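Enquirer: The structure is given below, and queries will be raised subsequently.
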Amino acid sequence: MIMKRLLLSAAALALSTGLAHAQFTDGKVKIGVLTDLSGTYSDLAGQGAIVAAQMAIEDFGGKINGQPIELISADHQNKADIASGIARKWYENEGVDAIAELVTTAAAVAVREVAREKGKIDLNSGAASTPLTNDKCSPTGFHWTYDTYAMAVGTGDAVVKSGGKTWFFLTADYAFGHNLQAQTERVVLANGGTVKGSVKHPFPNADFSSFLLQAQASGAQIIGLANAGADTINAIKQAKEFGIVAGGQKLAGLLVFITDVNSLGLDIAQGMVLTTGFYWDMDDGTRAFSKRFAERMKGKMPSMVQAGVYSQVTHYLKAAAAAKTDEGIKVADKMRELPIQDFFAKNGKIRADGRMVHDMYLAQVKAPSESKGPWDYYKVLRTIPGDEAFQPLSMSTCPLVKK
Amino acid sequence: MTSANPAIAQSGGLTPQRILVFGLLALGLIAPFGVYPIFLMKGFCFALFAAAFNLLLGYVGLLSFGHAMFFGFSAYVTAHAAKEWGLTPEIAILLGVATATVLGAVTGWLAIRRSGIYFAMVTLAFSQMMYFVAVQAPFTHGEDGIQGVPRGHLLGLIDLNDTLTMYYFVFAVLVASLLFLHRIVNSPFGQVLKAIRDNEPRAISLGYEVDRYKLLAFTLSAALAGLAGSVKSLVFQLASLTDVHWHASGEVVLMTLLGGVGTVFGPSAGAFLVVAIQDYFSGIGSWVTIIQGAIFVVCVLLFRSGIVGVMAPMLKRRGIQA
């Protein structure tokens, strides 16, 4: 008797949990934010990305042609298998129409494969690698905030031109790190610099001592950090402890976010040159958004990834409203058709390969004496026009680009 | 609790044991219409992995801390064979299983010379070696893994891209493997394994070549763990470092202990519990590991011999072998 009851209740439980998930995608638009909520990149994307998406939905009115907009979020822990599992479940089973943010190239590429197969939208803000708009491009996939090409054009170029001719790379050992190193090397060589060597470190990594000693021994003027987030922070802090900067070598963070500068503190970060797609203190529009964002994030200003999530979600919703559907391909076509005009991107446009082209900024971290208050960190040195910042379509290996 | 009950096994008609087995089979057949099939397939893959691990821990008493190398490496081989060489899924899976078997035979041959904590450490060391091979070897694509693996057509005929077809294929693999394990455990060979587990010197004194039995059990366990990894790489169309990482070795220990060591259905129950926690709580981020830990603590306090292990005596009174 007990056995029977047990089996019955088990079966009922299995069925009830199943039914709760089987819903129609019609009648609502659902956006998923898939990001790193616990690891290396949780500061620059993470909770802030979810808040940015929430703000975008609220600012849009919470409804699209009378249908409610829903938000769902999850932690992919920077792992490709977890990301693809969640993406599959969201697209197939939970009626998610678009997945946003997607920091970490390995996770982003995994989601891209699923999204392409299902004909659903993926909106990249956090992942950096250029393959997302080259051989991995998709008719429903978009790359929003920045990429490694733009980083190299900005930071790499500026550092070589200011006299940093010999380079050694400290590279995160996965697709993103390799890609960032390759893009930067190209710029260094094109400007007459030389590359003395490189070393790959595991991702994520806490102890950089042996890698930094190799970099020190190379005698290169510039140690290029082809990594991101907590890895960059750790490498910079440990390089200071080893006296590398005091010994005359310079560190070039090839991908530095404002949240990293905040963690490092201006004492350590001052003088660093970096490339960014967004800075909160540019004009009234960026300040207004960032102030509202900071109110919800205990005073933290948005990183470019988080601001990019707001922009991409808003643009997706606009396109879905204009196309009057949540069908992937149709919304994607509409997204390419409409220009992007918000505080994040002035006259942004989406190309055939899914790249959103907008202006980037070359900035330098202020010295503590120059900073007037919390989060007053950057001096913008130069605006890099979108067409210069991003890889020209003529170089693209994306099959969607007609040549 | 694990020895076969010949009176039941031989009697015809509907015994409670058969009702339970057929009930579970029927549940497995209708489950994909109620529950998300990919989740169930993930559960099946880990159930098979845990069952393979249980053969070693539950019946030979050897705690391997390196089973991820079989699970993860066969996943890589299958994914590579299916994607780069364009082989059909059954050949790709066979290649994966063959790799795991060879790996199991070699590492097992070296590891069984030690027992207890030393055995666990030796297997862990091999597993870490294979992990770094997976990190560095070009064909595994490092941190990205092998992505977009085609599921292909089984025997060139049956299209596995259909989720339901894939589900029944994975279900069939699991059922066949559990039957196979049940057969091994209840064979004379299985009796010798249990004798070795309970009293190794006595088994030696009775004239059994203990090392050969241990090696065979280790290799069989590795092969089945490899089968689980191979199938998983086709289900998720992905082979990644997660499956070769020592976390996977630890997870399978957790699953087996939660479910019940040395029971037929225990590892499956444990696997489903752990997979369900990871899947349904993934929205809350880093709290997942804390919840997982809390559940483990509760289980250790309340069901010391695992969920099925505690239920087994109750079931046995009704003539059911768990």
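Every residue gets a Cβ built from N, Cα and C, even glycine.
The transmembrane segment annotation in TrEMBL covers B:19-39, B:46-71, B:91-110, B:117-134, B:166-185, B:215-240, B:252-277, B:284-307.
Help me picture where these features are in the structure shown.
Expert: Packing against the transmembrane segment (B:19-39) from elsewhere in the chain are residues 163-164, 166-167, 171, 175, 235-236, 265, 275-276, 279, 315, 320: each is 6 or more residues past its ends and has a CB under 8 Å from a CB in it.
Same-chain neighbours of the transmembrane segment (B:91-110): 66, 69-71, 73-75, 77-79, 81-82, 122-123, 126, 130, 152, 214-215, 218-223, 225-227, 229-231, 233-234, counting only residues six or more beyond its ends whose CB sits under 8 Å from a CB of the stretch.
Residues 62-69, 72-73, 76, 103, 107, 110-111, 140, 241, 244-246, 249 of the same chain lie 6 or more positions beyond the ends of the transmembrane segment (B:117-134) yet place their CB under 8 Å from a CB of it.
With a threshold of 8 Å between CB atoms, the same-chain residues lying at least 6 positions outside the transmembrane segment (B:215-240) that come near it are 38, 41-42, 44-46, 48-49, 51-53, 55-56, 59-60, 62, 64, 67, 70-80, 82, 89, 92-93, 96-97, 99-101, 103-105, 107-109, 111-112, 140, 144-152, 160, 166, 170, 173, 177, 180-181, 184, 189, 193, 252.
Long-range contacts of the transmembrane segment (B:284-307) within its own chain (CB-CB distance under 8 A, at least 6 residues past either end) are made by residues 254, 256-261, 263, 266, 269-270, 273-274, 277-278.
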Enquirer: Please indicate, using numbers and ranges, the residues of the same chain that are 6 or more beyond the transmembrane segment (B:46-71) and have a C-beta under 8 Å from a C-beta there.
Expert: 2, 100, 103-104, 107, 111-112, 115-116, 119-121, 123-128, 130-131, 173-174, 177-178, 181, 184-185, 190, 193-194, 196-198, 213-214, 217-218, 220-229, 231-232, 243-253, 255-256, 259, 261-264, 266-268, 270-272, 274-275
